[in-house]
Amino acid sequence: MKAVIFAYHDMGCQGVQAVLDAGYEIAAIFTHADNPAENTFFGSVSRLAAGLGIPVYAPDNVNHPIWVDRIAELAPDIIFSFYYRNLLSEEILHLAPAGAFNLHGSLLPAYRGRAPLNWVLVNGESETGVTLHRMVKRADAGEIVASQRVAIAQDDVALTLHHKLCQAARQLLNSILPTMKCGDIPSVPQRESDATYYGRRRPEDGLIDWHKPVSTVHNLVRAVAAPWPGAFSYNGSQKFTIWSSRICPDAQGVLPGSVISVSPLRVACADGALEIITGQAGDGITVQGSQLAQTLGLVAGARLNRPPATSGKRRIRVLILGVNGFIGNHLTERLLNEENYEVYGMDIGSNAISRFLLHPRFHFVEGDISIHSEWIEYHVKKCDVVLPLVAIATPIEYTRNPLRVFELDFEENLRIIRYCVKYRKRVVFPSTSEVYGMCTDASFDEDKSNLIVGPVNKPRWIYSVSKQLLDRVIWAYGEKEGLRFTLFRPFNWMGPRLDSLSAARIGSSRAITQLILNLVEGTPIKLIDGGQQKRCFTDIRDGIEALFRIIVNEGDRCDGKIINIGNPDNEASIQELATLLLDSFDKHPLRCHFPPFAGFQVVASRSYYGKGYQDVAHRKPSIDNARRCLGWEPSIAMRDTVEETLDFFLRSVDVAERAS
């Protein structure tokens, strides 16, 4: 039986080895590239696969149609997921006739979701386990194939329980995989009434509340002990981490957070005292409790506290879905530059936002909006402003995958809009300049211009009409149910991190990235239909400043408004853009590392995009609404934008790749 495996971490290594031992043929393994910001104390699936001579891949988005097609070509009989961190699309789950199966680190249906290992310790459970279950669209909700219980000892911490679960997983897989290979796959439906769901844990969740019962504080220490980030508290402004502790007898009449003694180091909780056995001050070394007290300058009677507040006013919480995208990562940077904003984000990757992952006001979860509905609903309820930025927005995908464009761009985003209506949250929705379609106005006005698209047999319009329909639904919710909204329409924003050269290689990128790839690889620049189509190119910095002002919404002037964000002065044809780009390329200091210019090549849009494509001659915005509502005016010249975008991509090319 041929298997394709998705795996990561120690559990991934155990799963791969168990599948091999059971006599399966492994066609390929999909894993993750290690994150430099993460403590990778665990085994490497990629090294294991390489040593076994098995093809291994680590795509940023395994659910992209390109990868779905490649997995389909492998023709797997069965699919396994062992601690792979991204949920798999239904397209992938349906590729294997025998089904797709996931190993989860709890006794389902309890502790669905993220970090069950840590959550069971936080909650003081005495038992957990591992479960192999059939994969369905909803996370961890499929029929149970087999499970194995694991007792949690009172002295277990996260790492010891992790090792127990790995052993239990191997025993479970050794027992059930041969049976499954013969076609005998047990299936027991989960009882939804018993289901519990837990989200991802973040380092800041380790902050100790000394007003909690001592058992609760001790369990938190156990749950996040090394190599996890640790439970922590503050002595004044000095942070310290507790790595191990024990529960002591009652501390009657002592205020929670008070130091009872320094040798041993004991701190009062709500109903007892926590003895700190080992700990660490700041970024120092791990020491015993009494030495930690000395390092911190603690004396009996001192009070430990929460971190000092920077302001008495609660920060504005902004939820960005698609935070790793072009607009999302630049907007995050702008918001975090202001002290009064906190950003919550979800995306299927984190390469563009890696620079924010350790920021105390940035909270990120890696996930898919089509799957993590519980997390999204919770955070819509929690946050003040919601920006659903997830969309397929590259023209070649409109003709290649029109149904997927509709499902993601309309159906999934409609669900998020309905959450905003339900919890009465403000939504700032990214419409698109594409909604104007083949409008004949000299400049497109948000409130007056007609929205004109082509015939049904031209699927390139699926993106435009999906966005337009959502615009109309949002408007109706505002009129009929009081939804607070602003629609913004970007006009050809450009800048660093627009997309990637690897996306351009498979044709799934914006125009300028494709042109830069041609220059980098020494291939002809393709001018679709001669490149005479005109667009108004807008610098990402100008665009983000306008979007930031929409979020600020001074005087509520943006409520119920549609706002074009573009630079009418930066109008140019694609051919003019290519010529300007070539001129900047020839002057760049890295020019000598790349091949000679291969010339321009005129290509028919039908041959490039497919028969379902139809282009637009011009697209120029009226920005009167932006001027009136935002006091905004774009200021960055197109040449500056082109040069900065080009520089970013050229410096991202590996030196060895340049030389080749």
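Placed from the backbone N, Cα and C atoms, the Cβ positions cover glycine too.
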Of the candidates Asp347, Asp384, the one that Swiss-Prot places in the NAD(+) site of Asp368, Ile369: Asp347
One of Arg114, Arg149 listed by Swiss-Prot as binding (6R)-10-formyltetrahydrofolate at the site of Val136, Lys137, Arg138, Ala139, Asp140: Arg114
Recorded positions listed as Asn102, Ser433, Gln532, least Cβ neighbours within 10 Å: Gln532
Fewest other C-beta atoms within 10 angstroms, as judged across Arg114, Lys137, Lys526, Arg535, Arg619, which are the recorded positions: Lys137
Spatial neighbours, same chain, of Asp368 (NAD(+) binding site) - Cβ under 8 Å, 6+ residues apart: Asn63, Asn86, Leu87, Ser89, Ile348
Non-site residues, in chain order, whose CB comes within 8 A of the mean position of the CB atoms of Asp347, Asp368, Ile369 at NAD(+): Leu321, Gly322, Met346, Ile348, Gly367, Ser370, Ile371, His372, Val390
Lowest local Cβ density among His104, Arg138, which the record lists as recorded positions, within 10 Å: Arg138
Coarse DSSP state, helix versus strand versus coil, of Asp529 (UDP-alpha-D-glucuronate binding site): helix
